[in-house]
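**Student:** Among the features that TrEMBL reports, domain 'RRM' is placed at 325-405, 651-727.
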Amino acid sequence: MTASHSDSLVVLFGATAGAYGAKLGSDERELILLVWQVVDLHSKKVGTLHKSLVKADNLDLSDQCREVSGLTPEGLGKAEPLDRVLQQFSQLVSSDLKVLGRSSYTLCSDGQLLIRQVLHPETSKKNFLLSDCFYSFYDLRKEFHTCYPSSAAVKDQTIKTMAEYLGLGTDEAEEDFGVWQVKTMVAIIFSMLSEDHAFTEPETVKYKYETGPCSKSETVDSETVIRARGLPWQSSDQDIARFFKGLNIAKGGVALCLNSQGRRNGEALVRFVNSEQRDLALERHKHHMGSRYIEVYKATGEEFLKIAGGTSNEVAQFLSKENQVIIRMRGLPFTATQEDVLGFLGPECPVTGGKEGLLFVKYPDGRPTGDAFVLFSCEEYAQNALKKHKEILGKRYIELFRSTAAEVQQVLNRYMSTPLIPTLPTPIIPVIPPAYTIATGSIRDCVRLRGLPYTAGIDDILEFMGDATGDIKPHGVHMVLNQQGRPSGDAFIQMKSADKAFMVAQKCHKKMMKDRYVEVFQCSGEEMNFVLMGGTLNRSGLSPPPCKLPCLSPPAYAAFQTAAVIPAEAAALYQPQALLPTTRTPQASAAAPPTVTYYPAQAAQLYMNYTAYYPSPPVSPTTVGYLAAPPGAVAAAATATHTPILPQPGALVRMQGLPYNTGMKEILSFFQGYQLQADSILMLYNFSGQPSGEALVTFPSLDLAKKAVAERNGQLLGSRCVQLYLV
């Protein structure tokens, strides 16, 4: 039994099969030794000193462990496993307390590591519970510094330095490993008691992670936040809290990160109650969650608020019901009502507050996205709901999975602030991004990265390059995609000079990124240009790109026209809106200029520009974004090209909910009888190059478009119900 003001301490010391001292627990090695003794704080009597070996699953001891402890695998092989040792610990402590005539106790350890970084994580992984006494303990180093303020800083204290400060004449060599440490800790405690020191404020370990909302107006200390990377995509906030078991996470402090499609990207930001807990979390870098190792890095409070913070009163009210289990529903019919969702879930999983426990995610104009969040009061109801994963509602199967308060905020922030396609009643024109200038000469001021992990993004590359990121030209990172629009494992980076490129190639060649080593080669802008335009660069030399781009200047591939080229397919998008006409330089100059400016020449894949990448979009050449523009921008664009703006006849209809394998043939068949041509259809893709499930269709007249929406809206294409909207 424990109490906040205990009459006894149990002095506890332990060791693992790996690192010792300040790195205890940082290598995930198992506990192999526990030594303890009961101390009566009033009578200053002690109980029996107990030493127990622990049989680890892996008996391969580190060299440091062998040297410091003197233990051997043979001796540990005869010991009891950890769960049995902890049972014996409880029994022996209770027995010693009876002898001393005491009833309550609190643990006292040398620092935080044994309790927080060894016992809690190991027992969590082995799926057995620690008794209540391990959730409250005294840190002898902190207590010592409180009693003796002139002693060394807490982080610099050890049992030996504390003993030396007090002038205790103990000889470490005379005692067994662990026994000397406990006897010395007891002697230190008696010295503190003689100074009338009181043990009144123990350290605490949270029993469970508490969920809760976070407001963007909050102040979050950057010294309390970490980024965890490499998480299984299905991880919940509770899984992440379990990974950091033993450390105190702030209420609502787990924020799962989403990608541009609103799906989890394997990262999370975690906020701890103080910087001390954050520093301990950083020591769990590359610890395992199941079979995957998790990377842990420092992050900032600003990053946390960007993901977890919210401003919506509706969301705040939804999340105000604390200690609820949150389930996310995805794929709902756009016509689904609250009654439909409650009926789908059924009486076996009642929603907290009925309709008040439902939150539908909508675009700014009120259109449903097909997502919703649901609150359940207990784990049992949530589990019953998860059993309905991929069951049918209407004509669509519904996905259900665990969610978090931070994910609710993030999803609502994403949809409410940046709609996929702007719906403002302003003219829409194609906006050409700033020109990216690529040197085409032989100056070797670029580097090529080969063998990147396919999950690597620009942030990973910037981190990989370290201090050299300051020498990258603006918009100088270019990811190379394959024919399917997926990362090829290659990237090119433009540096500020050939010397900088040389230094990066020397410093980063065969350096590890995640679990792969990356090759880094110095190259020229011309070589980079060839590969970005579809050519190949290998040991045999350069193979020029195929002549597919209308802006290409055969037979010399180094020169590209500088005029903006707008895809012909885009002409069908805009009815009375303005369109910049296609222009083309009839013939390239025979002598290649020192630099080349290029723009996209076709929009076979249209990436909607609703997320910001640094320093450039992860595709090369750059993509076209279609953004709402004021009337003045239309006139300015026309003036800049010295050509008239061409109106386009017809009306535009947006299709949502398409099967991801839908092609133009299926859409033409869906609209059979509406006088459509293949070039009237534009498929939309996301930033990963994957179909977004949407398309834009231009009809010959507004009346025909209205008729199509009236007659075909809600009809099936394949197995999915398609929604139609006039744009």
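Each Cβ is built from the backbone N, Cα and C atoms, and glycine gets one as well.
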**Student:** Residue counts in helix (H, G, I), strand (E, B) and coil for the domain 'RRM' (651-727), per DSSP?
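**Tutor:** Within the domain 'RRM' (651-727) the tally stands at 21 helix, 28 strand, 28 coil.
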**Student:** Report the mean pLDDT of the predicted model across the domain 'RRM' (325-405), rounded to a whole number.
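**Tutor:** That stretch averages a pLDDT of 91.
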**Student:** Taking DSSP states H, G and I as helix and E and B as strand, how many residues of the domain 'RRM' (325-405) are helix, strand and coil?
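**Tutor:** So the counts come to 21 helix, 30 strand, 30 coil.
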